[in-house]
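Peer 1: Per TrEMBL, the feature transmembrane segment maps to 87-105, 117-138, 158-179, 208-229, 235-257, 264-286, 306-329, 431-453, 465-485, 491-512, 519-541, 547-571.
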Amino acid sequence: MGEAAPAPTPTLTPTPVAKRSYWRWSRHDFFPEPSFNSPNSYRSALANTCPRLKDRLLSRSTDDHELNELPIASENTMRRCLTAWDLTWLAFGSVVGSGIFVVTGQEARLTSGPAVVLSYAASGFSALLSALCYTEFAVDVPVAGGSFSFLRIELGDFVAYIAAGNIMLEAIVGAAGLGRSWSSYFASMINNNPDFLRIRVDSLKPGFNLLDPIAVLVLFIANGIAMSGTRKTSILTWLSSIVTTLVIAFIIVVGFMHAKTSNLVPFFPFGVKGVFSSAAVVYWSYTGFDMVATMAEETKNPARDIPIGLIGSMSMITVIYCLMALALVMMQNYTQIDKDAAYSVAFTSIGMNWAKYLVSVCALKGMTTSLLVGSMGQARYMTQIARSHMIPPFFALVHPKTGTPINATLLTTISSCIVALFTSLDVLSSVFSISTLFIFMLMAVALLVRRYYDRESTSKGDLMKVNSCIFVIIGASAVGTALWSTDTLGWIGYTVAAGVWFLATLVMNFLPKQRSPKVWGVPLVPWLPALSILTNIFLMGSLGSEAFLRFLICSGVMLVYYVFIGVHATYDVEHQNQESKLEAANQGVL
């Protein structure tokens, strides 16, 4: 970690040759690459798929390219208008949604008992490790691409594309799920029936036969606000988040006023394994903080504001969640907690029937701000992905008046509305979970690569050592997780797997670091990133085989698109840029 003065914020000043209308729809705006100029050029590109794919597998972006060259594709700049205060409340608003109200009672009643408090602490620790990795990258490379840009720099185009596909899947499914959850909560307040406002169509298959127009309306409103301007959305988010904080404070204070220590006995009714099984579930109460990293391009002083906003907010949220969980299990014995409406029923049991409406309003508000911040973050992911031409560059355009990527926002809005209208949340929720953890795990790997590998100075021998250590860390984490999930070999298996993980991390600790963070860095490298890899793989292993099957199917669809379109578009752009630089260099010599 360095204590040097903050580095100057990179200046992004795209200067397009000629001003064009933002609203345009020509083929060239979607597929400007030479490979798509004609059927013959496309056939020629397909014939060279293998060498192009090899080129993309070995290709790496650079900090400078992501910061100063790719934004030119947007034609207009995003406005730097966010401070540490804004980022703190954006993170709070994106994370504190319905999760704490939905899953706490379920896990306390069925899986962990009063020890659900430790489940939240364990999940919060894992989320904080991932937030640390995101923070170092976001400070060094403050662009809208978030994890996509970071992975493209350290792990290459192909890995970044797989991450990009999962980011898009996460964005669409996550927004659709929040929309349907909002509709369910609102309907329950009116009629005690979560499907009250949905339209049943018996001719459609179960899971797709309850149409949800309310979810579609909520998504359009939230995304419309996000398109209107970053600063407006930020102000609305932190004002509403302050209201949420007051309601949560009320829940905690009243809960402890009616607490009974006898309700904490027994503390581990389902054993230690129940604690970690619950941790995998309640982890989703923490998701969403990565969206703040995508706001780095619009942050006034990224070197100072991002660490304060991201790490500060995640620490605060972890404490709040633990206190809320503790208040619940001390108000009621875990055997009496209602798994579907835990806090509402708990307040009813102490004679405060009106409080259930307060809880529902707080949950609705939390989901609304999660949608607002999520729509901003998702659109900025899409913008950077489109800047690289992995999806059509039409979606990279930034509107000159609002300073927001309207096209990218519309892409996620329309897609998520279609999914939200037809699809029940349980159909795709497991895909959302595994996609998120997979990206978080890759981010920890990318941080290790960033610290221990420099393509200009690292020898092949050192590179092999770094790769070997990373593969052993991942392998030991996966084996240990499999042994835990299947209860094979007992403590002997866990001890051996943990020992191998420890030795690989220890060996890596003695390897020479090739780079230091520019301004702010994750402490205790490689230990904390290696621990982040372990925790994310462990939580992935708790999701079951069905989640992995759906993940593999979705990844297969992504690969088909990449082979037929993505690899050729990015290959053309990369080599056009290289030719332009070579011509400029030659002209400079002449």
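In case you wondered, yes, glycine gets a Cβ from its N, Cα and C as well.
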Peer 1: Would you say the transmembrane segment (306-329) and the transmembrane segment (431-453) are in contact under the rule of three or more C-beta pairs closer than 8 Å, pairs 6 or more apart in sequence?
Peer 2: no
Peer 1: Let me spell it out: take the transmembrane segment (117-138), skip the flanking residues so only those 6+ beyond its ends count, and list any with a Cβ under 8 Å from a Cβ in it.
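Peer 2: Contacts with the transmembrane segment (117-138): 104, 107, 146-147, 150, 275-276, 278-283, 285-287, 289-290, 293, 296, 302, 306-307, 310-311, 314-315, 317-318, 321-322, 325-326, 329, 440, 443-444, 446-447, 450, 517, 520-523, 528-529, 531-532, 535-536, 539.
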Peer 1: Taking a Cβ cut-off under 8 Å, which residues six or more beyond the ends of the transmembrane segment (208-229) line up next to it in the same chain?
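Peer 2: Contacts of the transmembrane segment (208-229) (Cβ under 8 Å, skipping residues fewer than 6 from its ends): 175-176, 179-180, 182-183, 186-187, 195, 197-202, 236, 368, 371-372, 375-376, 379, 399, 402-404, 406, 409-410, 412-413, 416-417, 420-424, 427.
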Peer 1: Counting only pairs at least 6 apart in sequence, do the transmembrane segment (158-179) and the transmembrane segment (547-571) share 3+ Cβ pairs under 8 Å?
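Peer 2: Counting Cβ pairs under 8 Å, at least 3, so yes.
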Peer 1: Who are the chain neighbours of the transmembrane segment (306-329) in space, where the CB to CB distance is under 8 Å and they lie at least 6 residues beyond its ends?
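Peer 2: Contacts with the transmembrane segment (306-329): 84-92, 95-96, 100, 104-105, 108, 113-114, 116-117, 119-121, 124-125, 127-128, 131-132, 134-135, 138-139, 142, 248, 251-252, 255-256, 259, 263-264, 282, 285-286, 289, 292-293, 296, 299, 337, 342-343, 346, 520.
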Peer 1: The transmembrane segment (547-571): which same-chain residues, six or more beyond its ends, come within Cβ distance under 8 Å?
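Peer 2: Sequence-distant neighbours of the transmembrane segment (547-571): 31, 33, 35-36, 42, 45-46, 49, 52-53, 55-56, 59, 157-158, 161-162, 165-166, 169, 388-391, 428, 430-431, 433-435, 438.
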Peer 1: Under 8 Å, at least three CB pairs between the transmembrane segment (235-257) and the transmembrane segment (519-541) (pairs 6 or more apart)?
Peer 2: no
Peer 1: When you scan the chain for residues with a C-beta under 8 Å from the transmembrane segment (519-541), skipping those not six or more beyond its ends, what do you find?
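Peer 2: Residues packing against the transmembrane segment (519-541) from afar: 1-2, 4, 6-7, 123, 125-126, 129-130, 132-133, 135-136, 139-140, 276, 279-280, 283, 303, 306-307, 434, 437-438, 440-441, 443-445, 447-448, 451-452, 469, 473-474, 477-478, 480-482, 484-485, 501, 504-505, 508-509, 513.
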